[in-house]
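Undergrad: Dropping a structure here in structure tokens format, bear with me for questions.
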């Protein structure tokens, strides 16, 4: 019963869309109405408000970290509990019950989850994102590369033997890549927006 309650709680935590909440609190347009229409930090940055983008990034990462940390802190379900909380909070961000199941792509939330699973895993994955983003200026490309490397880092650190958390990390990576399928098409067509590019007028 504890595992079930923790999983549901993790999903509800994940369902809080900071992109929408922060934008509303700061009097900005709903991020689902412009740019990529994705309620995430990168799209909020297209509004031109860096503070809102940073708050969105921190909030989305924090909720991922919090959901997993709470399960680990109270020892709920061991590694299975951690794996379920990780998947649940991630799915909450992707399909938030509070916002008609229209959520973001999960990059910041996944980063928070990985930091809670193990700081080295989270930092290695975040560093991968930063390196790709710095050199290529594409948030989506950085996310895709980080998603590919996250399971590899996890296996390198912890191995694969009877490790439900490794499967959770792999599942998040697959989901994150799938959520970026439109970005993949734009990258291949040379039409993807670069980091910091503002929303188009009337978009």
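Every residue, even glycine, has its Cβ placed from backbone N, Cα and C.
Features from Swiss-Prot:
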type: TRANSMEM; residues: 3-23; note: transmembrane segment
type: TRANSMEM; residues: 51-71; note: transmembrane segment
type: TRANSMEM; residues: 74-94; note: transmembrane segment
type: TRANSMEM; residues: 116-136; note: transmembrane segment
type: TRANSMEM; residues: 140-160; note: transmembrane segment
type: TRANSMEM; residues: 164-178; note: transmembrane segment
Undergrad: Residues sitting near the transmembrane segment (3-23): Cβ under 8 Å, six or more positions beyond its termini, same chain?
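TA: Hits for the transmembrane segment (3-23): 29-32, 39-41, 43-44, 47, 52, 55-56, 58-60, 63-64, 66-68, 70-71, 76-77, 80-81, 84-86, 88-93, 96-99, 103-104, 109.
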Undergrad: Take the transmembrane segment (140-160) and find every residue of the same chain, 6 or more past its ends, with a Cβ under 8 Å from one of its Cβ atoms.
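TA: For the transmembrane segment (140-160), the nonlocal Cβ contacts are 42, 105, 107, 110, 114, 117-118, 120-121, 124-126, 128-133, 166, 169-170, 172-173, 176-177, 180, 183-184, 186-187, 192.
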Undergrad: Should anything in the same chain at least six residues away from the transmembrane segment (164-178) have a Cβ under 8 Å from its Cβ atoms, list it; otherwise answer none.
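TA: Answer is 79-80, 82-84, 86-87, 90-91, 94, 105-107, 110, 113-114, 117, 121, 143-144, 147-148, 150-151, 154-155, 158.
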Undergrad: Counting only residues 6+ away from its ends, which parts of the chain sit with a Cβ under 8 Å from the transmembrane segment (116-136)?
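TA: Non-local partners: 64-69, 72, 82, 86, 107, 110, 142-143, 145-146, 149-150, 153-154, 157-158, 165, 169, 195.
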